[in-house]
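First comes the structure, then the notes that go with it.
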């Protein structure tokens with residue numbers, strides 16, 4: 001009898017198992033966080049000012065994620081509607097030394113950090129006598145130590161309190177029941193988390209965790225478990241010449257303390273100047289100075305740091321990028337459009353973006369045998385182009401359409417637009433069908 005194939009355990013990721021993840025902009029006061037948020041979001045929501053705590057309540061914006069694949073698909077399908085992938089960014093007020101004990105508005109600000117899934121840490125590496133520094137002078141290494149220390153101290157406080165509660169209820173645990181065994185494993189994991197923070201002096205995201213341990217880590221919503229991208233805010237001059245005395249030291253600090261975390265130099269001053277230009281003027285200016293905006297790169301890194309990928313649905317009505325987490329199976333990916341696609345999932349017709357680009361059309365992809373039918377076990381790949389098949393979805397879509405029309409709402413929600421695009425519906429025909437259905441059920 002042949003040996004059974006080993007079942008590969010599915011990787012569990014740190015963080016919330018959600019497709020709607022958010023990234024927070026964190027740093028000391030007056031390092032350029034709100035100004036960065038404003039140029040990134042193309043708004044003036046961020047309260048940029050030359051004094052601490054100008055921002056108190058967090059501001060939120062959805063940032064389109066640049067993607068040449070999406071642009072190419074739009075050129076091919078020429079859709080009436082284009083919906084790219086988005087990254088949700090939160091502008092969080094400045095943290096200061098002592099925030100973990102409530103100094104300044106520390107407790108409120110740290111709760112805002114806890115509510116996001118990843119961190120853009122803005123580090124000031126520019127000198128400007130007119131922009132005060134809360135610590136008196138510019139020292140990025142000290143500033144990074146302050147942020148790391150405050151986040152760790154808050155995590156230590158949180159974990160110690162949780163561990164104390166677990167041990168109180170765990171004194172009477174036996175060794176026979178599965179529930180008691182699971183509780184003992186949880187206590188051991190929380191003790192390991194505390195050791196990582198206090199003895200090893202590591203952020204939680206840098207620890208070694210198996211899937212069961214990650215489930216415990218995720219339940220605690222720890223600040224240092226969140227992925228961090230370091231954004232070093234330079235003067236425009238230093239950014240253009242790609243030279244700053246602090247950059248090698250910052251890189252060395254990251255390598256010593258949080259190996260592998262990305263570092264992206266940028267200049268808020270340059271981004272603010274480019275933001276008011278037309279696309280043509282911006283391209284000309286970037287060519288003239290020999291430097292480009294870093295906002296697209298930053299957005300990409302933030303999206304990737306949250307383990308997010310995207311797949312596409314394409315049609316003449318709409319080309320849309322749907323955000324999902326790495327490791328998402330086909331039914332759950334379809335459920336991002338509407339829960340009925342997941343609940344009544346049959347299969348997906350999948351082709352890769354690379355195959356469509358190589359062969360030039362859907363019919364050519366199909367003729368080459370590259371259009372695949374995938375079932376429930378299929379794990380989505382970044383750049384997949386999907387057409388979903390589900391049972392009994394049409395009556396539900398009809399009622400949805402009618403309710404939208406009766407409410408005076410434009411019928412462009414994800415499910416209805418998808419059905420129109422992918423199943424040869426037209427608005428008049430769907431409305432006619434829906435009206436007949438509504439009349440039938442109203443009279444019966």
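For all residues, glycine too, the Cβ spot is worked out from N, Cα and C.
Mean pLDDT, taken over the domain 'OBG-type G' (21-286), works out to 88 on the 0 to 100 scale. Per TrEMBL, the feature domain 'OBG-type G' maps to 21-286.
Listed in sequence order, 94, 122, 123, 124, 143, 233 are the same-chain residues at least 6 apart in sequence whose CB falls under 8 Å from the CB of residue 31 (ATP binding site). What TrEMBL lists as ATP binding site is 30, 31, 32, 33, 34, 35, 234.
Feature annotation from TrEMBL assigns domain 'TGS' to 307-390. Note on the domain 'TGS' (307-390): DSSP counts are 24 helix, 35 strand, 25 coil.
Around residue 34 (ATP binding site), a 10 Å sphere centred on its CB holds 25 further CB atoms from the protein chains shown. Every protein chain shown contributes to the tally, and the Cβ of residue 234 (ATP binding site) ends up with 26 other Cβ atoms within 10 Å.
Taken over all pairs of the listed ATP-binding residues (30, 31, 32, 33, 34, 35, 234), the Cα spread reaches a maximum of 15 Å, rounded to the nearest whole number.
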